[in-house]
């Protein structure tokens with residue numbers, strides 16, 4: 001059987017890995033629109049979290065398998081259609097992730113100084129489409145809308161001492177911009193309360209212990225919460241206890257001195273829902289965000305934030321909206337639920353289109369960490385294997401796979417990038433990084449990548 005996977009992030013690679021491991025004859029081709037693989041492992045994981053990127057070692061082993069091939073620089077839906085892939089393969093798995101962000105839908109969100117978290121993360125991680133972002137870091141206060149791990153990542157990058165960032169694979173351009181940054185205060189604003197935050201304890205602890213930075217948590221937000229979390233699941237309980245301790249504990253004298261000397265601060269603001277981005281006097285850029293104060297109806301994760309009628313204006317010169325990523329439809333031939341931002345499916349089998357599958361964020365929505373995506377992708381791969389076994393996928397008719405695709409791409413002037421091409425780009429990045437004392441210096445311009453491999 002010939003299987004094709006669209007997207008080379010964790011969902012794509014884990015799907016391919018599982019199929020190759022459990023079917024001794026399957027041939028898997030992975031297509032990727034960028035010349036470089038690994039999706040959000042390369043472009044989403046924070047530069048100061050190198051240990052999370054180690055999964056690329058496993059992905060590299062998969063890509064080097066003689067039954068696997070990687071074709072970068074191919075945009076499915078533009079260079080080749082999904083029906084054309086279905087003609088060439090017995091099964092097609094869509095694992096192209098979430099390449100857009102949710103919008104706030106409030107007045108002023110297009111003002112200068114307002115960016116999506118996705119674009120900001122892409123900017124410091126070298127995603128080609130975000131290289132011209134030029135965020136204005138000349139203000140003292142930044143506001144991040146959202147209480148997830150991405151929001152904490154951004155706060156940490158904005159406030160980290162430069163000597164910590166210099167040792168990471170953060171891009172040269174963003175490092176230069178951050179070295180001139182005037183930002184010294186970051187507020188993370190959420191519609192709901194401390195019991196509904198979506199970040200995890202590891203990220204919170206890193207933020208609390210960030211050198212040169214002090215946490216500002218209001219004791220009033222946390223009083224009485226000890227009782228509320230008695231029966232909460234352990235992760236939620238430990239997370240809340242850490243926030244309570246940080247908010248309520250009387251610091252020792254030494255801590256007081258250290259904190260008083262800390263030039264930067266960050267804090268969590270709860271039960272505030274963004275209503276409007278406020279413009280500067282000349283109307284060109286952001287000067288703050290008007291928030292509606294909310295009260296919570298219900299409890300736990302399902303609690304809803306209801307506006308009370310009161311508003312509060314929060315002054316800032318930079319707004320980063322971290323309210324979630326969003327998948328986009330890829331090809332008219334593929335059903336898409338625009339409301340939920342996913343491809344309608346059952347265990348990864350796309351509804352109404354036999355032989356078409358999906359995995360990762362485009363399958364279940366943009367939530368979870370790499371391990372969640374791994375299990376989800378194994379689940380989809382299992383569906384493909386079952387359909388091969390029971391004969392739902394007819395492998396008696398031979399399919400040409402990349403042979404058929406290659407001639408279509410050639411006729412359209414598209415030249416794919418192989419995995420060994422990527423390894424040349426990888427080696428060049430690592431060499432450039434070594435010269436700068438970093439693990440790698442990412443090349444951010446796709447044209448430069450293609451020139452490097454003689455395309």
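All residue numbers here begin at 1 and follow the chain in the order shown.
Just so you know, glycine gets a Cβ as well, placed from its N, Cα and C.
Annotated domain 'FAD/NAD(P)-binding' per TrEMBL: 2-158, in sequence order.
TrEMBL lists 11, 32, 40, 76, 361, 368, 369, 370 with the feature FAD binding site. Taking Cβ-Cβ distances under 8 Å and a sequence separation of 6 or more, the neighbours of residue 361 (FAD binding site) in its chain are 11, 97, 98, 325, 327, 367, 373.
For residue 147 (NADP(+) binding site), the same-chain residues 6+ apart in sequence whose C-beta sits under 8 angstroms from its C-beta are 188, 190, 192, 196, 197, 198, 199, 268. Under the heading NADP(+) binding site, TrEMBL lists 147, 148, 149, 150, 191, 192, 203, 368.
Note: the Cα of residue 40 (FAD binding site) and the Cα of residue 150 (NADP(+) binding site) are spaced 12 Å from each other. Distance from the CA of residue 191 (NADP(+) binding site) to the CA of residue 76 (FAD binding site) is 37 Å. Compared over the binding-site residues 11, 40, 150, 369, 370, the count of CB atoms lying within 10 A of a residue's CB peaks at 11.
Rounded to a whole number, the distance between the Cα atoms of residue 369 (FAD binding site) and residue 203 (NADP(+) binding site) is 13 Å.
Across the domain 'FAD/NAD(P)-binding' (2-158), mean pLDDT in this model comes to 97.
Maximum intra-site Cα distance, FAD binding residues 11, 32, 40, 76, 361, 368, 369, 370: 25 Å.
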